[in-house]
């Protein structure tokens, strides 16, 4: 006897736009997303699950993520999707947590990230026109997306994953090129790799010009804005470009960014709650973000911390703002029951006294083992294929300088800061846009070392072709300086190789307690106490260092600049610390260390400027 067995058909997963009813459809039913931005590239993998759980418990049903191209292809043709760069693992964790994903793969992302996510090796083509149909640029973009998009295709919601929509480019309308051929090429690539049914969208600022240049037929147009705009007018602008379909604010600004030298920015929690409630009551889809800003004419580097008064702090702590957002969301949808996961534990490990290792000029055999490149005129970082960090430019004085003589950067050609020494004696610094002349003294034939620091490439606006190093000649008195020896410095590599603490190939010189001026390395150890909790490093009275500045156990923490502020501490994730072995600390101070040579590990951050407001 045969027996008929009836199988239920598997549910068909779908995500689409309902233009008739002005909403998204998820599995055929109206859907409104309430999302928050999270950048896996800024969070240790160890904490991904914790951060996602807190976002889920706040009532969000989606997260929005960027994919920084230069994070995964720092070297041309070498792709890294392992460890902290394991995008698919992050997508899997979000899926397990119950969060949908709005993917923003660029290729340009802005995100207050180096060069807006574009890899610096693109600048090896000296006349490349980024974010355009330039042949060299389009070829590189096509090759990258041919690697990335097939990786994410299985994670599309329609394929059983959790990616509901994918952004094409990012705020393209704010870029001067306004190249529709470029956008059409991207649309073709995204459709080819992700299929015709995937919801593709654009995001642009709330102006007619931005919406005009950034939108394209076949890509759903969305807007972004903060708490200080008329919501109805903002969505009316979206309606002019998308007469039908869901209202979407792709970047609702819950915080604001900090430049070095600014006061710490704060966005009022009550304003965030009020505007969020108003948008949700209109049926709008909202993604909460901490933001971009208008780019001034001067080069203004951003602080290391990406906290920016966010609802979830840099260390993953829920704030009053996060709980206020959850209270708003409760009015519109069920939020998960149960307590919010607690903040990760913090610990103040106290003071550590450092010792001097030596100045950079005395350590070139370690930091630049391949030796210098000789060139009549200066070469840029990009020409040297050194994309980040530092390079040292060395020449000799062409004549005696018994009187102070001006060293001039006449074309503002120092990108971004240059620390000048003669025969090992620190003379001062040149700084982009700010200090274009200093006086030096010395004798004919003396060695002049100029350590040039890359403080990060412009990430937004028309000047993202941001070459680094000495990008034009320097003049000493009336002489153009020539005959350079240029040393690319692999400081990260040396420290990752356990220098200066325990590398037998490069034994430490005699350690000293006295500080000195100019670019100098200092080192010390934080002894284990059986804990590996988050902590915050404060460098009291240290002058300045910028990427790379501080390393813990070989990991670059980022920049400190307490004299300029507002950020006063560096976040040290607990997983970087050992509970049983001495924790190695290395500091590169560029100007002047304090006499005490101490650093302090605190149990709380200090992101505010020390300046007292009136």
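Glycine residues also receive a Cβ, built from the backbone N, Cα and C atoms like all the rest.
Residues or ranges marked as active site, proton donor by TrEMBL: 171. Taken from TrEMBL, the feature active site, nucleophile covers 251. Under the heading domain 'Glycoside hydrolase 35 catalytic', TrEMBL lists 24-330. According to TrEMBL, the domain 'Beta-galactosidase 1-like first all-beta' annotation covers 378-490. The feature domain 'Beta-galactosidase galactose-binding' is assigned by TrEMBL to 519-579.
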TODO: Report the mean pLDDT of the predicted model across the domain 'Beta-galactosidase galactose-binding' (519-579), rounded to a whole number.
DONE: 83
Task: Helix, strand and coil residues within the domain 'Beta-galactosidase 1-like first all-beta' (378-490) as assigned by DSSP - done: 0 helix, 57 strand, 56 coil
- [ ] Write down the Cα-Cα distance for the residue listed as 'active site, proton donor' and the residue listed as 'active site, nucleophile', rounded and given in Å.
- [x] 11
